[in-house]
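Engineer: Marked as disulfide bond by TrEMBL: Cys78-Cys85, Cys163-Cys170. Residues or ranges marked as domain 'Thyroglobulin type-1' by TrEMBL: 40-109, 125-194. Residues or ranges marked as region 'Disordered' in TrEMBL: 178-200.
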Amino acid sequence: MWTSVVTSRATPKPCVQTVGDLSSASANRDTMEMVSCRPKTQCEQHRDSLQSGNGGVPLVGAFIPQCDEEGQYRPQQCRGSTGHCWCVDSRGQERAGTRTPPGAPRINCDENSTQTYFISVMHPKTQCEQHRDSLQSGNGGVPLVGAFIPQCDEEGQYRPQQCHGSTGHCWCVDSRGQERAGTRTPPGTPSRNCDEPGKQ
């Protein structure tokens with residue numbers, strides 16, 4: 001079903017009328033535009049509620065879901081403020097084992113989801129994976145805005161260099177994820193070589 005939106009030059013707010021209900025006098029004075037009357041999908045409602053919260057201004061760093069042309073959740077979602085990406089199901093729920101840190105190769109979310117499932121259950125979670133997952137699921141499954149989320153490598157160990165997506169600071173860590181003294185660098189400065197334990 002289509003409706004025409006009639007915007008009067010005298011009033012800035014549009015009124016919606018069904019096609020065929022326009023009087024000729026109204027049509028001569030006003031401009032018409034065709035819009036779809038499809039109800040908003042779950043993804044569009046979710047996105048719009050986050051964008052219109054806080055007086056119409058989204059919170060800095062807040063995750064805003066991405067919807068496709070048909071209003072469905074895009075299979076891959078990314079948080080712009082941190083650079084983390086993950087796969088979601090048709091309801092927008094994160095698929096376990098698909099979250100990737102900034103700079104890591106992204107998972108093809110269109111592939112069969114069993115591939116990811118088998119990867120995540122083949123071995124018990126490492127200390128890094130448990131640490132990361134506890135922070136990601138601590139606030140109802142949504143990381144706190146601006147919170148540091150540790151980055152784990154392909155084997156589940158702490159990456160030698162950790163970076164805070166919101167602040168831009170980077171530092172080296174030991175195998176337990178503890179920051180190595182004197183390795184923190186501020187945003188915009190060259191990062192240290194964290195791969196060699198003796199070098200800082």
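Each Cβ is built from the backbone N, Cα and C atoms, and glycine gets one as well.
For the listed features, I'd like the structural context: burial, neighbours, distances.
Structural biologist: All chains included, 16 other C-beta atoms sit within 10 angstroms of the C-beta of Cys78 (disulfide bond).
According to DSSP, Cys170 (disulfide bond) sits within a strand segment. Its Cβ placed at the centre, Cys170 (disulfide bond) has 19 other Cβ atoms within 10 Å.
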Engineer: Provide, as an integer number of angstrom, the distance between the C-alpha atoms of Cys170 (disulfide bond) and Cys78 (disulfide bond).
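Structural biologist: Counting only the Cα atoms, the answer is 21 Å.
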Engineer: Please work out the helix, strand and coil residue numbers for the domain 'Thyroglobulin type-1' (125-194) from the DSSP assignment.
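Structural biologist: Residue counts in helix, strand and coil order: 11 helix, 11 strand, 48 coil.
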Engineer: Restricting to the domain 'Thyroglobulin type-1' (40-109), what is the model's mean pLDDT?
Structural biologist: 84
Engineer: Mind checking which of Cys85, Cys163 has the fewest other CB atoms within 10 A of its CB? They're the disulfide-bonded residues.
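Structural biologist: Relative to the other disulfide-bonded residues in Cys85, Cys163, Cys85 has the fewest Cβ atoms within 10 Å.
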Engineer: Between Cys85 (disulfide bond) and Cys163 (disulfide bond), how far is it from one CA atom to the other, in Å?
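Structural biologist: The Cα atom of Cys85 (disulfide bond) is 15 Å away from the Cα atom of Cys163 (disulfide bond).
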Engineer: How many helix, strand and coil residues does the domain 'Thyroglobulin type-1' (40-109) contain under DSSP?
Structural biologist: 11 helix, 11 strand, 48 coil
